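Below is one structure, written out as structure tokens; the observations come after it.
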């Protein structure tokens, strides 16, 4: 997979020092020029919550190729492109709301929000319809942002950012007499299932000093990733989306309940006991845990918790009995056009954003994305797991309402160990259905809040009355 691009990139670095004025100077990989697209020297802001607007002082060859392409876009379309932070991760919807409420079209902007905050954007009409070049973007994200047959946002490209996956410590497996290559083989032949992973977790647990306490543990990680991971890996979800675009609470479906029951078993039988949700960040570096269910960035970014062990591998979440394929719960960032521009301006912004997100030279090498990852782990983790998850993901429907920390977390998944899964699902029903009702337009948030206050007042009055009826202590 490791294709060599040095000659092409070196040539582009030379071109970067020259003008693209002559047609013959334009690399053949660059897209055909859109006639009539001209911004008259205006600045277009691509707003997110993480960009600095600065370029690397000592760019890599790939970065320089990207910069050269952006320079060509700016010269060709008479525009200045600035990718820069507008607000915080959880404040982008408020920033967008301010722009739309004030009808502020004084600046040209494309605005990004995290996938988990798209519900208010769609419900309040904060993005204009996106009609241009949808085939250039991740189809699942386009589908997710399509309501009533109209798309209202896209992501940063065609691929998913992989999320939930299973990391493994090769040394712990080897010490237990397990050939870690077997796990990749199981993934490759389709037999990497919940039961298969359980067989490995049973095999690695060990009480080495015979004191009655485990010294080698099977599993760790952010437990919420485990809950969501098992649900999505069994073709489950917490909400169903009807053909009319309405959300219906579905945590009581067979697939989701099976996953919730299974993760409860894993918590009791396999997870290293923990007190705080992030204790896994201390456990994993100790080198005595075989598996970690986490998110891809925790290993593949190169500077996170998984990198604290010397040799690690990575496979997809194992399949549940209702699943035919591996997947993860995707959470792509979404970009759209604030609903403050006329149709012509909106189209121009869609066009320049679509062009901006390309890297024609690097895109020509289908494997360029993988180059840096080989330094972190083995080839199979990159070529079989990460490559697969880039193209296969599931955007869960709770994202229409909010991120998991504001929806399924406080209402269901954080407390899933508090009782039988079916009881926990039922206890969460009213709150989860109310959130869906607000998204569906059946209730306002004010109505939901008022009804909740009435219920709480009635419950308090009932408790007070019951206390008053109790006989006084003698």
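Cβ coordinates come from backbone N, Cα and C, glycine included.
Under the heading signal peptide, TrEMBL lists 1-23.
Annotation comment: TrEMBL describes 442-474 as region 'Disordered'.
As annotated by TrEMBL, compositional bias 'Basic and acidic residues' applies to 443-457. Residues 434-435, 437 of the same chain lie 6 or more positions beyond the ends of the compositional bias 'Basic and acidic residues' (443-457) yet place their CB under 8 Å from a CB of it.
Annotated compositional bias 'Low complexity' per TrEMBL: 458-474, in sequence order. Beyond the ends of the compositional bias 'Low complexity' (458-474), by six or more residues, the same chain brings no residue to a C-beta distance below 8 angstroms of the stretch.
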*asked:* From the DSSP assignment alone, can you count helix, strand and coil residues within the compositional bias 'Low complexity' (458-474)?
replied: 12 helix, 0 strand, 5 coil
